[in-house]
Amino acid sequence: MVSFTALVTALTAVASTASANPIANMMARGIQPGTGTHNGFFYSYWKDNGGSVDYNNGERGSYKVSWNNVNNWVGGKGWNPGTPKKVAYNGTWNNYNVNSYLALYGWTRSPLVEYYIVEAYGNYNPASQAKLLGTLEDDGGVYDIYNTKRYNQPSIEGTATFDQYWSVRRVKRVGGVIDTQKHFDEWKRQGKLTLGSWNYMIMATEGYQSSGSSQIEVKAA
Ligand SMILES: *[C@@H]1O[C@H](CO)[C@@H](O)[C@H](O)[C@H]1NC(C)=O
């Protein structure tokens, strides 16, 4: 039979282990929604209500994520401010049968704009409800340029009404170099779509009413 003192000592040890280590492990394992820097890269991870996301920053500009039954989530690594640059990325994204995007994704302010250079998308084409404004070529692929408007939606300035600018690659790919300046210039020239002051720019994975996963690494080319 264990003595009372030994039992208390044992339980105290278990309690302090339980209160310290699992929390530390949880923090190391998954990032909570928000923004920050990791290995010299900016990261952003946002989700609304419903489902779960296990987002983890990895080596260099990499991240690994899986999501389960979310309503909407978007996140990834990049820069803030995201000034025009050539962005190289590689990794794994295999969500062709669910609603998901792999995109260079960012924001500007004044005007408030949410933009996407879509490299691959799943079972929903983001351009299907948008107005076609032109095309451009980048890194051997053709992208269609679109514009949409969002009313009273979440933004970097809280709930707001703002434009979305889109380049959508006709032939989907996972890996390559995106010359963002080219897109910004053609959006303006062909679509009269002007950007404001640079906010963040990330190589993002997005999931909408879906489950999926990806592992992506980004760097300046
Ligand atoms: C990206 O490519 C580098 C260099 O080949 C490789 O080390 C890294 O594992 C790749 N990252 C991902 C997420 O696949």
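Keep in mind that glycine also has a Cβ here, set from the backbone N, Cα and C atoms.
Curation plays no part in TrEMBL annotations; they are all automatic predictions.
Feature annotations, courtesy of TrEMBL:
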type	residues	note
SIGNAL	1-20	signal peptide
DOMAIN	29-219	domain 'GH11'
ACT_SITE	GLU114	active site, nucleophile
ACT_SITE	GLU206	active site, proton donor
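Within the model, the domain 'GH11' (29-219) shows a mean pLDDT value of 97, rounded to a whole number. GLU206 (active site, proton donor) is 14 Å away from GLU114 (active site, nucleophile) when you measure Cα to Cα.
When the active-site residues GLU114, GLU206 are scored by other C-beta atoms within 10 Å, GLU206 scores highest. When secondary structure is read from DSSP and collapsed to three states, the residue listed as 'active site, proton donor' falls in the strand class. In the three-state DSSP reading, the residue listed as 'active site, nucleophile' counts as strand.
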